[in-house]
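Scroll down for the structure; my scribbles are underneath it.
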């Protein structure tokens with residue numbers, strides 16, 4: 001078979017799953033994929049690689065490549081490498097990202113750009129898949145187009161000059177030189193989807209509705225409203241293209257427990273883990289606020305954990321105990337929850353390079369695995385739905401699961417699974433005849449990820465302490481009936497601190513006394529650039545509505561101590577644009593901000609209240625932070641463009657961060673007198689110079 005090298009760089013398992021799908025399909029198309037994690041540099045060598053390269057790369061943090069790609073990126077970023085270092089290399093790259101974030105698919109773009117700078121050329125156009133609208137909209141056609149591109153490459157490599165472009169929309173020359181063009185693939189690929197002929201694909205199963213659902217042919221449909229469990233024409237009568245069945249590879253044996261003690265320390269982590277006590281918890285909002293915001297103080301005095309303002313850290317959290325018990329009960333495993341789970345690879349598996357899941361510790365209990373290791377709230381991927389089909393006995397339920405994982409059912413999958421935040425438990429309750437084995441769940445459920453939080457303190461101000469702030473997340477899951485769920489981590493933390501929670505709406509500068517009993521496990525996050533400038537004379541602008549204010553409290557505490565230590569120092573202006581709903585309900589850190597303002601640490605404080613109506617004949621105040629930024633556009637432009645200032649934005653990526661970005665574009669356009677495109681280029685330059693920094697989340 002014709003061999004190609006297949007590398008993946010994954011953070012939460014998405015890129016790995018897609019690479020494994022490519023690997024499985026390769027055999028059907030007459031290719032052999034040499035599959036490796038990009039971190040396994042001892043198993044491949046790009047310097048001497050002669051086969052074509054396919055790379056699947058996700059994005060994490062603020063546009064960073066995954067942790068698994070850290071070493072690889074560092075090596076290829078070596079500026080001493082010659083420009084023809086990879087001139088022999090031909091590759092195709094699929095980037096994964098979320099367009100709700102500013103640095104969309106940036107992990108893939110970083111690698112893609114650097115490979116080309118070192119002489120590598122495309123044999124297939126780069127794809128950018130968007131998790132905001134559904135990765136499959138790009139992933140599926142990109143994979144479908146990979147096979148003709150590989151065939152074309154192998155034909156041309158026999159004596160002809162390599163051709164770098166594979167899709168009909170691109171010319172070979174432009175795909176080598178025009179990086180911007182590749183960013184349009186996530187739109188173009190939806191057009192390409194119409195060009196690929198799926199009728200002859202061996203890796204799909206075409207199912208006729210009459211054959212699969214013949215027992216329902218005489219049923220009169222009275223309610224034409226579709227749902228998770230029911231479809232309507234034309235989908236209910238369509239022939240379906242469904243994915244190939246993922247090969248099973250785990251063999252599970254349950255053994256009675258020997259009674260050994262388990263703890264969250266057993267949870268696997270690439271970074272060091274510290275168990276630290278909670279020394280204080282304070283409610284920052286009133287009881288009638290729309291969201292409940294808590295401040296938690298951790299005692300890190302007996303650890304080697306260190307941080308600086310602007311850093312983030314991860315909290316290792318468990319799944320909800322009630323959800324774990326409900327899932328075990330539905331799987332008819334509740335009487336075996338304390339049994340040890342022994343895993344090994346099936347001797348006859350067809351999965352290439354199958355390995356045991358690294359996030360499941362050896363010999364731990366079933367209860368521990370479902371509580372600490374598996375993301376049971378994860379939205380099931382189509383491959384998981386396809387696997388569940390074969391363990392569903394009811395023909396109507398089987399057909400519906402087939403529809404949801406099919407190409408024809410993409411809209412229903414988005415509406416009833418992805419957008420409804422459906423999880424495995426929702427599906428199992430909605431499809432009662434589905435009885436999957438434990439091994440299947442361990443194969444498909446991803447690792448329970450630690451949750452990141454911004455440090456909301458300075459170690460100069462609070463020695464031996466670490467503060468963080470969070471809203472208790474609540475959301476409606478609408479998969480079957482409406483269910484109000486709390487965030488996995490914030491719901492757990494709220495329960496954990498309930499007995500020690502101080503109901504004050506303002507956090508105190510004073511320590512509350514002895515460390516309290518509850519402990520949590522935390523780990524440091526990789527270093528980022530969301531830090532105060534090294535030169536304290538540089539003016540800064542901070543934009544942080546809601547809990548986005550967290551890192552800026554650390555900035556201000558740090559600056560206060562620096563000014564105490566250097567009373568004659570030259571310190572730049574500090575602007576803060578803060579926003580909340582109501583002045584009297586959720587004005588976080590009100591007392592602290594007044595303190596910083598009074599003592600000249602904070603030079604300008606601009607607060608927006610989005611839900612407070614004007615009183616009497618008052619003019620309507622700035623409703624959101626971006627409105628306040630616009631009101632002070634002249635000063636903002638002066639700081640950024642004339643005084644070499646920095647701007648930091650922290651908070652919601654979906655709306656706020658984009659609105660702030662748009663406001664900055666308008667300000668620069670107006671104050672400098674340039675077109676919006678030129679203003680956008682100016683902001684892009686600020687980002688490159690690390691003077692426009694973001695710490696945002698969805």
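Glycine is no exception: its Cβ is also placed from the backbone N, Cα and C atoms.
Straight from Swiss-Prot, the features:
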DOMAIN    5-147  domain 'Flavodoxin-like'
BINDING   93-124  FMN binding site
REGION    166-247  region 'Hinge'
MOD_RES   171  phosphoserine
MOD_RES   189  phosphoserine
DOMAIN    271-533  domain 'FAD-binding FR-type'
BINDING   291, 610, 611, 624, 625, 626, 659  NADP(+) binding site
BINDING   451, 452, 453, 454, 487, 488, 489, 490, 697  FAD binding site
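Known features from Swiss-Prot, placed on the structure.
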{"residue": "97", "record": "FMN binding site", "DSSP class": "strand"}
{"residue": "109", "record": "FMN binding site", "DSSP class": "helix"}
{"residue": "117", "record": "FMN binding site", "DSSP class": "helix"}
{"residue": "453", "record": "FAD binding site", "DSSP class": "strand"}
{"residue": "487", "record": "FAD binding site", "DSSP class": "coil"}
{"residue": "611", "record": "NADP(+) binding site", "DSSP class": "coil"}
{"residue": "659", "record": "NADP(+) binding site", "DSSP class": "helix"}
{"residue": "697", "record": "FAD binding site", "DSSP class": "strand"}
Helix, strand and coil totals (DSSP H, G, I; E, B; other) for the domain 'Flavodoxin-like' (5-147): 52 helix, 33 strand, 58 coil
Local confidence of the domain 'Flavodoxin-like' (5-147) - pLDDT mean: 92
Per-residue Cβ crowding (10 Å cut-off), top of binding-site residues 610, 626: 626
Binding-site residues compared (489, 625) - highest count of Cβ atoms within 10 Å: 625
Cβ-Cβ neighbours of residue 624 (NADP(+) binding site) (radius 10 Å): 19
Nearest recorded site to residue 291 (NADP(+) binding site) by CA-CA distance, among binding-site residues 97, 117, 121, 487, 697: 487
Fewest other Cβ within 10 angstroms of its own Cβ, chosen from the binding-site residues 97, 487: 487
Residue 697 (FAD binding site) and residue 109 (FMN binding site), Cα-Cα, nearest whole angstrom: 20
Cβ neighbours of residue 291 (NADP(+) binding site) where a neighbour is any other Cβ within 10 Å: 16
Sequence-distant neighbours of residue 611 (NADP(+) binding site) in its chain (C-beta under 8 A, six or more apart): 581, 582
Rounded inter-Cα distance in Å - residue 489 (FAD binding site), residue 121 (FMN binding site): 44
Recorded NADP(+) binding residues, 291, 610, 611, 624, 625, 626, 659 - maximal Cα separation rounded to whole Å: 22
Nearest recorded site to residue 626 (NADP(+) binding site) by CA-CA distance, among binding-site residues 101, 453, 487: 101
